[in-house]
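**Q** According to Swiss-Prot, the protein has these features:
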- 7-124: domain 'Response regulatory' (DOMAIN)
- Asp58: 4-aspartylphosphate (MOD_RES)
- 170-358: domain 'CheB-type methylesterase' (DOMAIN)
- Ser182: active site (ACT_SITE)
- His208: active site (ACT_SITE)
- Asp304: active site (ACT_SITE)
Amino acid sequence: MPGKKISVLLVDDSAVVRQVLVAILNETPDIHVMAAASDPIFAMGKLAHEWPDVIVLDVEMPRMDGITFLKKIMSERPTPVVICSSLTQKGAETSLQALSAGAVEIITKPTTGLKNFLIESAAELVAAIRAAANSNVKNLGKRTATPVLTPASKLTADAILPAASGHSMAQTTERIVAIGTSTGGTQALEAVLTALPRVCPGIVIVQHMPEKFTASFAERLNGLSQIEVREARNNDRILPGLALIAPGGKHMMVTRSGAYYHVQVIDGPLVNRHRPSVDVLFRSVARFAGKNATGIIMTGMGDDGARGLKEMLDAGSSTVAQDEASCVVFGMPKEAIKLNAAQRIMPLQEIHQAILHR
């Protein structure tokens, strides 16, 4: 017997977006668009009669903006919400507000060539809706998420950094922490970083997120945290009390120069369909930090970071996976656990302790 279809409500003031998305989604066997509304006021009329499994929501609309509508939804009946946002600075900042309010995913759309983009990105949108439908709703208001990037042939970290044959390095006492996360990661990272004291090991982070979003995200976390948080720049030194977030659209790797660790921010192909990729970061940490590092994999769909965490463990790093109960999507941690890559499985509220104490 076939399973129940995912019921979707579309809310977007663009008639083109509504028309194209309805056509795309209704052609997908496991998805059904229950209604399409031009703004949140119309959407609320639809919700009075039927409630969807997932809401796809624009953020900038007349009469009522998407953020106000989202907060209303999350306070009355928490529901997985996928944000459709333009790749502008204003759009990025507004979308981050949406993530804080409880949205699950960001899908970015251009300001021109919209129809062709939506058709070409159909697989991305479908993946985001499926992830949202399978998300842990009870965690939505507490810790939320990020974008699914454009699908491509699935390259591994070998495309950026070939696997090393050994891990012998000069001695150093500096300790670093590498964190990888995706769907659910924006507020999961907020929960972890805001729990840290000013004095803590240097941290490098890959959060799956488009370009233009990461700078705003880092700035927001910096304002909430005792430690310094910023978007990484090429050749930045990893310092105690500093968290560096990989820029969207770039890979980030850790390197060593004498006793000091630095980051390289580079271009390159999508790895595990992502750029930045957690596997790329974790492999570089395994090679250049080894036993001086801790690797942490948190909420997110897919398997990016699972193999890299195993490489870190094999290189002598301590490793942690977030537990299922506190994840929005138990994908990346689950795959790492399957590979026996995680020494410890911890709830979100305890993960900061793994940063402070190896």
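Indices start at 1 and increase along the chain as displayed.
Cβ atoms here come from the backbone N, Cα and C positions, even for glycine.
Context for these features, please: burial, neighbours, distances.
**A** Helix, strand and coil content of the domain 'Response regulatory' (7-124), in residues and according to DSSP, is 54 helix, 28 strand, 36 coil.
Taking a C-beta cut-off of under 8 Å and a sequence gap of six or more, Asp58 (4-aspartylphosphate) has these contacts in its own chain: Val11, Asp12, Asp13, Ser14, Val17, Gly66, Ile83, Cys84, Ser85.
Counting Cβ atoms from all protein chains shown, Ser182 (active site) has 32 others lying within 10 Å of its own Cβ.
Counting every protein chain shown, the Cβ of His208 (active site) has 31 other Cβ atoms within 10 Å. Under DSSP, His208 (active site) is assigned to coil, being neither helix nor strand in the three-state scheme.
Cβ neighbour count for Asp304 (active site): 30 (other Cβ atoms within 10 Å of its Cβ, all protein chains included).
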